[in-house]
Amino acid sequence: MSNRFSVYSSHSTGVSSARPSAPSTVTTTTLLNALHAYYNSGQPYQLDAGTSLVVNTWVTATRANANGQEGGTIDRDLALRAWEHARRRAEDGCIVLCSTHQSTPSIFEPFLTALPLTTPNIAFTALTALRPFLSAVTSFNPSYSLYSALSARYSINLKGDVVGLSLALSTSGINVRKGLLDIPTEAGYRAFDVFYYLLASISTPAEREFLNLKDASSYALLSKSGTYTPPAYLPAADDAAAAEDFRAALKSIGIKGAAQRGLLSTLAGLLKLGNATGFLVDQEDLEEACDEVGGLLGLDPEVLLHSCSTDDREVLISGIYEALVDWVIEKANEAISSELQAILDNDPSTSGGSGPGGQWTDDDTVSITVVDIPRPALGKAVAVRNVFDDNAGINAEMKEDGVTVPPVGHAIANDVSSAVAQVEADLGITTGSAWHEREYELGKRQEVLEKVGLEVDMDSFLRKLLLPVEAEGITVGKRGRFDLPTTLGSSRVWHHISVHPTDDLPETLSTFTPTAAWSAGVVSRQLREWRLAEWANRRLRQLDFTADFDMDEFVGRYYRLGCAEGRDGVESWLMERGWTNGDAFVGHQRIWMRESAWWEAETMLDMKPEEPATANPFLYGNTMLDAGMPHYAGTPMAESTSLLGSRDDLLNHRQSTLAPSFHGGAKSIAPSVPQTLNMGGDYGLGSKGDTRKWDNPYSDEYAHYNNGELDPEVGDPKHIEKKPITQGRRIWVGFVWALTFWIPSFALRWIGRMKRPDVRMAWREKLVLMLIILLFNGVVCFYIIAFGDLLCPNKDKAWNEKQLSWHALDNDFYVSIHGNVYDITKFWRLQHSDSSIETTTSNMKPFAGEILDQYFTPPLTRFCSPYVTEQSVTLQFNNTNALEYPNAEHYCGSYHTPSTTTKLHNITWYEDIFLPKIKTYYKGPLVWSKSTVQKQATDSSRYWVIVHDKIYDLTDYFYTAELFDNDDTYAFLPSSVTDLFKNYAGEDVTDKWQNTTDFQQSQTCLDYVFYKGKVDFRDSPRCTVNNWILLSFTVLICAVILVKFVSALQLGSKRRPAPQDKFVICHVPAYTEGEDALRKGLDSLTALQYDNKRKLIFVICDGMIVGGGNDRPTPKIVLDILGVDPKVDPPALPCMAIGQGSEQLNYGKVYSGLYEYEGNVVPYIVVVKVGKESEQSRPKPGNRGKRDSQIMMMRFLNRVHHRAPMSPLELEIFHQINNVIGVDPELYEYCLMVDADTSVREDSLNRLVAACANDARIAGICGETSLQNEERSWWTMIQVYEYYISHHLAKAFESLFGSVTCLPGCFCMYRLRTADKGKPLIISDKVIEEYADNDVDTLHKKNLLSLGEDRFLTTLMTKHFPEMSYKFIPDAYASTAAPETWSVLLSQRRRWINSTVHNLVEVAALKDMCGFCLFSMRFVVLVDLLGTVILPATCVYLGYLIYRVASHTGPFPMISIVILAGVYGLQAIIFLLKRQWQHIGWMIIYICAYPIYNFILPLYSFWKQDDFSWGSTRIVIGEQGNKRVVAVDDEGFDPRSVPLQRWDDYALANNLPGRRGDFGMSQEKMYGGRYDDMALEMDDMHSNYSSVKPASTILTGFPHHQGRHGSPYMPPQSPAPFANTPGNRNSHMSSLTRYTDQPFASGHMASRSLGNLSQVPDGMTNRHSVGLMQSTENLLGRPNSRSPVGGISRPVSAFDFRGSGGPDEGAITEAIRACLAEVDLDTVTKKQVRALVEQRLQTTLMGDKRTFLDRQIDHELANM
């Protein structure tokens, strides 16, 4: 265990246990002879102080010994020693019962009787009921256990009384395959005994009929070996008698009636289901078996028959059997617990007493776990690993502490590795194939059980087995199990090894001479295989230590025997006792004692008279009073301390004052004693959420609590509050009621089931917002789609010549004839000619999209009458190429078509046939712009005029008349008409058109023969104004897109900033993340390429919550990953939280230590919010939300900055950072916020800090976040491109203005205070006050603070610090896990979209935004807001465009297509330039998902704006005028429940180092003018490792010094182990946990405090520090120098250059020489020298003086 802090009990009674005398070297022969002698005498052999050997057979196990006890040879002294160590040293013990041979009998039950504990009889009854499920007859053992490991875990108080007992299988479970499914086919083997008891004990005819059981040979599972009876050589073996005892035992543990019938039915069903396995089963037999099994198990036979394969049915048998065994164990533990509780209730000594020490809480317990490991391979691996592996467990601790550990030979090391490799899955080693194979099998079992479990009848016994808690799913193998490696790693291990004397089969052993069976070769083989001779030699010579103490603990334990303080005092006392020959060893940090020496000391202690008062070392507060203890242990402990909690041994200080609550004040309501037996090893967090049933007092049957609703309209709340509301809110409420007055409240109350007024009001607000959003969307859609048609009807029903040419496809065949456009797509393929010309594609294709006036000439005699009377008169074409295809010319009349076989022969063909037919294909007019008409007249000399918007062309007429010398036959039109064409060609002659007979008669001729089309009305202002408006918006949008594109271009080389030296807090809020995600995230922070000493991982676990898929609460997972010792139990300390009413009070536990990953060792702080005692029955005790986790850290740093009074939790955090980790919290300058499931790239932190260092105006910064599970599902794939482009377009653009509107909480960094004056930024009062708003009771606030806290925090920073910048840098990179399912994605985007809308409203209202009017960030924000709101309209419009294009119902939307192509084209350019080729595919997937992102998700989100958990503490029951009426159903929050105290006062009261004095305040008064807006500015509080920062106040020397040696306080190392494996038993003060980048300290350096800078006297020239970390000014490991690089800096200069011109060159030179005289020139850098000089001068040198400084440093170095 990581922290084996020893606490003694004064209730010990002596028992002598001397170390056995042994030869100088133990050989296999001497060991064999000794073991034989002990075997013959029936005695155990003690191999070393913690290991015993016994020899047992089934014969010796069934015979009574000299004491009349059965069960074989047992070492009762070993049990007694383990018990004494547990109760005297308050450390968990584990006794491992293992066997070297498979024939050895189990001694589990006999050993429990050997323990000096009162084991309740019900425990042995429970084992009687349990054994048949776990053991089977084999040829080599009549009762062979088929489990991996079975444990009995005793919880005992410090008096040694049993207060808890539970049985548990290990997580590896049972070998059902060997015990049931694959029994060997040879004789002598049976299945689990329980099945034979089932067949032998049918008690009633009704039971026999119901179960319908047959002979054992009828069942495939039992008939393989042909053995159905117990071994005949066992004198008392009878299945029927054993079955009766088995049933009686079941009843005794509460399995009776329906429960027992269900158990028996399940067993019978498994037997019958075995007949349905195998590939050779007949179909009829299979159906019959499934029918029977279905009836017994309450399962549809079709599920077994068709849904399960043969393999599935085998897996089902295995899974159901293990579930059944787990259930029996659960019932057994319940029975044991009930009997124990009854015993404790009737025992006055355990119910509490009034005397000192007589009152013991359930927390005052330690555990003794007896673990039975029947399989020799696993037992061997466990044993030899513990003895011979020097890199783990107690051996590693001893080695690190200076104990000489003899090296292990190569052969032994190979044996250990080989033994471990055989059972690596059982030992939790996940790297081998065995682990992966087991995981596959468990996954397969889970799959089959889920498939079957959901089909089982709801009220059936099997469903209760498989789904004990419906919401948790299948939990087989997860509930009620213990983890073997964790148990071994967190306890002191004792070994009890059983040896078998022969390989002979059991039936050959004689019952008359029990010890006659002895084969020296067989026993010798077992001794050699287990390396027991080497074991004895290794332990007895140097490593046989069974007790270890740290220095102070040892003195505190034995001070009454004359042991003096300090290392010298301890060594002297040991020498006085003669314990210098190996009986005791004083290591670097601990004292190690052999059993004989320890027991001698304990015996002497017992003989001493007891002191008048005995303190309970587990309690803290005013119960810790012991008048006889010395100054380091005899005074009351403060409430915030605990022996097992705080890692700094606060018992070593005289507490001069008590905690505030001792002087009166509000009563603490912290979680007190758990309501169940303390099982230990749970970090002091209790067992809530753990899947182990025996360890879970909060299971459903015990966790009922009243959660009724309070109806404020009919209920009786405690009191009513009235709070003022703003005018804006009043206007909004009035507006909402104006729009929703028609919806009666009673309808919402009874139909909508909204009983609360605030919920109804939120619904009304949501409805109004939805209506506004729909209105915006409707207006946009209407304006884009319909408004243009209203202004300009039929604009899509006209075509110009160019547009006509676009319709030239086979399925889009348009033509124009005499000014009209026709769609002849359905006509052109038809054979429409009655002449010999065939209609073919090649004939018709040339005419597609063309004007065909010349091919369809109207007969002049029909349409120009009375001017033309002869059919021979025709017009000649001015264009010689007018008729490219003469065959297509259509002339009607007998003159032009003399053939009578065609309809063209008829002169009326054009008007009677052609015009009616072509009219059916009419689409609209052919239009020409006025400019085109004019150009035809001026450039082409054509006679075009406009009359009443109609265009006529007389060019061919004039050409024909001129061709025939103006013969009247061809110049047939009146001259008054033709003169207008000649004189006004290209013009509009409407006003000149006369209403005369000539004009009227000419009109028909012009309309049919010379008509060209109409004037393009789409060029009119009414038709163009809408286009111009849309174009202007398009230009603006395109401009924004273009600017975003330009801002995203990063054409330069990737920057490689120099390593930075700022102190950074990595804030990690943890909620429900899984273990893999948490481990990956924490590992990534640890591996950051940043100075390990300058980063702190600050994890805040938001409540005791079990995430989906987890088997324990998130805090336990985090602490397990970080390697915290499960026995560490810090106190729960009060703090203020975000919440309503009493929820403003919360309690938290603080853990600290070092975490190692890939050679990086980083300090961490873990704060677990555990909640008030009244919350412990709730599902989420302590949970207050992510915002509260952020506020907790921000408020702490704010109080550190202002040196303001802190809460007890904050004081403990300060203490852990300042005194344990060794860094003044005020040194931290940045806060990196990272989600727990986010992995950060190694160089990201350095890049973020470098960017902030280069630009002091940056207050917040973020990098790129991508997906780490991009290919996990379709839902993750559609998010990849969105994540990428949202950063490289949106955030890159906003970063240009220094106004990133959302710094994502999953990966961003904030500056804590300004670089120049130290003005607080994110930790300022103004930001915290608004961000910590408790009254989140409106829809707007809910969306701001409950959904989008990260975005709103950025908004607040922008609001209060508009002059600062908020940047995005693409070089910093992190990856996070995106939602993998639709439901999770829907929930996430609901939060994101709604919070975006509400936050953008806030941002748009901010003052001091850069730019003005359309050239401002405000305009961009409004565009983003509108763009977010109208996302559905965008999607609808795109769908509309696709429909129009696909259906050919409108013109091709060229502009829209160009814009879309531009948008995605520019985006493509970005990732192509960045060589992110994969995003081509991701972009395509994203486009395919466009309707999801822009329609489904937004609409769902908008409608779900009021989907919150509203709580029932504070209910808004109405808003009247300028008041909000609130009903409060809560006891309220008493601020006195969180006492506040300044750190200096607290440190002084508790004699702690690190007091900082009033330097900051005195400096403020001295220099004045350094405070703005009540924000403390401290430009002198910077990292003293920064290159150019003023001297830190912590180097100036404060009052209250403790003299040369300072305080006697010696903060110990964090209990967290060096390796991040659970249960690693690192020493309490192990130097394994030092930083890897710091050399080992030697000698006296390893015995002193971490040394906070502020506690050192000015003149001190030498420093001592512990092996954990050097003091903060000595992290580089140079003990003898006097600078911050290698030791303590001199006090700051007495001169002050503020307000003057700064130091002159002489002062600079003098400072350089002084610094160079102090530092180690072999290791110091020029940068460090420059920092030291500036620190000494208390100023930052700039310009010429900076140049002089650099030059002078070089000069001084050259002259040295």
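Backbone N, Cα and C atoms are what each Cβ position is placed from, and that goes for glycine too.
The annotation compositional bias 'Low complexity' is assigned in Swiss-Prot to 1-17.
Look at Swiss-Prot and you will find 1-374 tagged as domain 'Myosin motor', backed by sequence analysis.
Taken from Swiss-Prot, the feature domain 'DEK-C' applies to 1702-1758.
DSSP gives ASN275 (N-linked glycosylation site) a coil state; it is part of no helix or strand. Among the features that Swiss-Prot reports, N-linked glycosylation site is placed at ASN275 (among others).
Secondary structure from DSSP puts ASN878 (N-linked glycosylation site) in coil. Positions annotated as N-linked glycosylation site by Swiss-Prot: ASN878 (among others).
According to DSSP, ASN906 (N-linked glycosylation site) sits in a coil region rather than a helix or strand. Annotated N-linked glycosylation site per Swiss-Prot: ASN906 (among others), in sequence order.
Residue environment of ASN995 (N-linked glycosylation site) contains 6 other Cβ atoms, counted within 10 Å of its Cβ in all protein chains. Residues or ranges marked as N-linked glycosylation site in Swiss-Prot: ASN995 (among others).
Residues or ranges marked as N-linked glycosylation site in Swiss-Prot (evidence: sequence analysis): ASN1394 (among others). The Cβ neighbour count for ASN1394 (N-linked glycosylation site), using a 10 Å radius and every protein chain shown, is 27.
Annotation comment: Swiss-Prot describes ASN1584 (among others) as N-linked glycosylation site.
The N-linked glycosylation site annotation in Swiss-Prot covers ASN1652 (among others).
Residues or ranges marked as region 'Disordered' by Swiss-Prot: 1-23 (among others).
The region 'Disordered' feature in Swiss-Prot is assigned to 344-363 (among others).
The annotation transmembrane segment is assigned in Swiss-Prot to 731-751 (among others) on the grounds of sequence analysis. Among residues of the same chain six or more beyond the transmembrane segment (731-751), those with a C-beta under 8 A of the stretch's C-beta atoms are 757, 760-761, 763-765, 767-768, 771, 1519.
The transmembrane segment annotation in Swiss-Prot covers 767-787 (among others) and rests on sequence analysis.
Among the features that Swiss-Prot reports, transmembrane segment is placed at 1029-1049 (among others).
According to Swiss-Prot, the transmembrane segment annotation covers 1419-1439 (among others). For the transmembrane segment (1419-1439), same-chain residues at least 6 beyond its ends with a Cβ under 8 Å from one of its own Cβ atoms are 773, 776-778, 780-781, 784-785, 1036-1037, 1040, 1290, 1293-1294, 1301, 1393, 1396-1397, 1400-1401, 1403-1404, 1409, 1411, 1413, 1490-1491, 1493-1495, 1498-1499.
ASN995 (N-linked glycosylation site) sits 108 Å from ASN275 (N-linked glycosylation site), taking the CA atoms of both as reference points. Of all the glycosylation sites listed (ASN275, ASN878, ASN906), ASN906 has the fewest other CB atoms within 10 A of its CB. When Cβ-Cβ distances below 8 Å are used as the criterion, the transmembrane segment (1480-1500) is approached by residues 1270, 1277-1278, 1280-1282, 1284, 1386, 1389-1390, 1393, 1428, 1431-1432, 1434-1436, 1438-1439, 1464, 1467-1468, 1471 of the same chain, each at least six residues removed from its ends. For the pair ASN878 (N-linked glycosylation site) and ASN1394 (N-linked glycosylation site), the C-alpha distance works out to 69 angstrom. Each residue of the domain 'DEK-C' (1702-1758) gets a DSSP state, and the totals for helix, strand and coil are 42 helix, 0 strand, 15 coil. Each residue contributes its Cα atom, and for ASN1394 (N-linked glycosylation site) and ASN906 (N-linked glycosylation site) those atoms are 74 Å apart. In this structure the C-alpha atoms belonging to ASN275 (N-linked glycosylation site) and ASN906 (N-linked glycosylation site) are separated by 95 Å.
The average pLDDT computed over the domain 'DEK-C' (1702-1758) stands at 83.
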